[in-house]
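What TrEMBL says about this protein:
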ACT_SITE  A:Cys85  active site, nucleophile
ACT_SITE  A:His202  active site
ACT_SITE  A:Glu204  active site
Amino acid sequence: MTVAVVQFGGSNCDRDAVRALRYLDIDAERVWHEDGLPADTTGVVIPGGFSYGDYLRAGAMAARSPIMQEVRDAAADGKPVLGVCNGAQIGCESGLTEGAFTTNKSARFQCEHVHLRVERADTPWTENFEEGDVIEIPIAHGEGRFEITEERYDDLVDNDRVLFRYCDADGNVTDEANPNGSTHNVAGILGERDSVAVLMPHPERATLPDVGGIDGESILTGFRV
Amino acid sequence: MTAYTATVTVRLKHGVLDPEAETTKQALERLGFELSELRSADRFEIDLEADDAAEAEERAESMAERLLANPTIHDYEVSAAPAAESA
């Protein structure tokens with residue numbers, strides 16, 4: 001009974017994710033990608049970092065490693081799967097979720113606290129929130145601009161797949177509150193199932209009270225069985 | 001089987017913002033160059049053995065579809081030609 005935090009060469013938020021989950025009394029362990037998912041895996045975190053040095057495109061290499069087929073199978077079985085930052089890029093590249101995360105509009109790496117508006121409050125990741133709630137979570141990425149064709153975006157909206165949008169402190173979704181130029185301020189989306197989510201902000205960095213901010217805690221409790 | 005070099009060129013779809021190209025353009029302008037627009041692309045040269053150019057292209061196209069390009073944001077072009085004599 002464990003949440004597998006998948007470590008690739010270049011992952012760097014794997015320890016943070018394990019620590020945050022254990023703090024929430026959720027059993028978690030780091031799993032080296034070549035070892036495959038443990039038999040008792042109850043959920044999967046694809047953590048942040050710079051897997052394979054972001055070669056080709058952020059997440060492109062890791063998305064095509066054999067363990068990702070196991071992750072897709074786990075997702076199809078209904079196990080919770082969360083991709084954070086580089087894990088979100090890997091999630092999109094591997095087909096767990098739609099769209100792509102690419103170079104920030106600013107062309108700069110951005111490391112700052114942002115506000116997110118909760119677009120869906122009936123998923124495992126957001127059941128402690130109300131729709132429209134504003135939460136504060138840090139981002140740290142150079143390639144976090146969500147891109148998708150307009151047609152596919154309309155499908156995302158029609159199917160209620162948008163989980164979080166960048167907003168200001170009052171919950172207004174504006175260009176000024178969009179840190180990276182993401183299409184319609186999208187910060188996080190759901191996969192085919194509500195139990196699969198990817199987001200650029202780091203909930204594991206907003207869980208331990210000593211680190212500052214605990215709005216990420218409710219997202220990670222999506223792994224409670 | 002003949003040695004071919006397949007070339008895959010991957011570029012952002014028209015209309016997709018390219019902040020790196022914009023930054024490069026600004027840097028050229030700071031150096032005093034005059035230009036209206038700058039686009040960048042990735043070019044992959046793949047040496048492979050194939051029966052003919054069509055097969056070489058087909059295999060390179062699969063590589064583009066599976067890995068080299070991301071269909072959400074990229075278009076790509078593939079061509080193949082007999083490999084240059086190696087030195």
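Placement of Cβ uses the backbone N, Cα and C atoms for every residue, glycine included.
Since this is a predicted model, take the numbers as computed values, not measurements.
Taken residue by residue with DSSP, the residue listed as 'active site, nucleophile' is part of neither helix nor strand, so it is coil.
Taking a C-beta cut-off of under 8 angstroms and a sequence separation of 6 or more, A:His202 (active site) has the following same-chain neighbours: A:Cys13, A:Asp16, A:Gly48, A:Val84, A:Cys85, A:Ile137, A:Pro138, A:Ile139, A:Ala140, A:Gly216. The Cβ neighbour count for A:Glu204 (active site), using a 10 Å radius over every protein chain in view, is 30.
Just so you know, the Cβ of the residue listed as 'active site, nucleophile' picks up 29 other Cβ atoms within 10 Å once every protein chain is counted.
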